Amino acid sequence: MVTGPLVEMLARNSKFAQSYQAPPGLVQMASTMRSTGAGVVVISCSDPRLNPYQILGIDPTLKATMVRNAGGRVFDAIRTLAVLQTIGAPGTIVVMHHTDCGMIHWHDADVKEALVEVAPEEKESIEASKFGEITSSLEESIREDIGILRASPLIKKSTQIVGVKYDISTGVLSVVDETKSEL
Ligand SMILES: [Zn+2]
C-alpha cells in the first residue's frame with residue numbers, strides 16, 4: 001500500500017491526466033531532432049532545489065532533455081548520454097554543476113561508509129567505486145566532466161559541449177571558460 005507524500009502525488013496525477021494532451025510519437029520526434037541537430041541535453045544534479053526547466057526557461061518553444069544524478073557527474077551518465085545521442089542526435093550537451101551541492105559536502109568516503117553499513121557484503125565493490133565527490137572548485141569539476149565527454153569514443157566529436165555553473169543562492173548561470181585554469 002502506498003503511503004506518505006506519494007498518495008497526494010498520485011491524486012494530483014489523476015487531475016493532470018484529465019486535461020493531458022499526448023505529444024507527437026517518439027519516432028516522429030526523433031526523426032525531426034536528428035535532421036536538425038537542435039537537440040540539447042542537460043546533465044545536472046538531482047538536488048530538488050534545482051529546477052533546470054525553470055533555470056533555462058524550458059517550455060514548449062524551447063525544449064531540452066534532462067539527465068540528472070548526484071552532482072550532475074558525467075561518468076555516471078555516459079550510458080544515457082550515448083543512448084540519447086543514438087536516438088535524437090543532440091547537437092549540444094550542457095554540463096551543469098551547482099554551488100552548495102551535496103557532492104561538495106558528502107565525499108566518497110562518507111558515501112562508502114554509509115553504503116557499507118547498508119550492504120556489508122558489498123564492501124569490496126563499494127570501496128572500489130567512485131561516487132562523484134566534488135573536492136575541487138566547481139569550475140574544475142565541470143572541466144573534468146567536459147574532458148570525460150570529449151575523450152569518450154561514444155560521444156560524437158561534432159557535439160557542442162558546454163559547462164555551466166549554477167549559483168543556487170542567486171539563480172545565476174554562468175558559462176565556465178574551458179581553457180582557463182584555476183590559480
Ligand atoms: Zn547537487
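The backbone N, Cα and C atoms fix where each Cβ goes, glycine too.
The Zn(2+) binding site annotation in TrEMBL covers CYS45, ASP47, HIS98, CYS101.
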What is the set of residues, excluding CYS45, ASP47, HIS98, CYS101, whose C-beta falls within 8 angstroms of the centroid of the C-beta atoms at the Zn(2+) site? SER44, SER46, ARG49, LEU50, GLY71, GLY72, HIS97, THR99, ASP100, GLY102, MET103, TYR166, ILE168
Rank the binding-site residues HIS98, CYS101 by the number of other Cβ atoms within 10 Å of each Cβ, and give the residue at the low end. CYS101
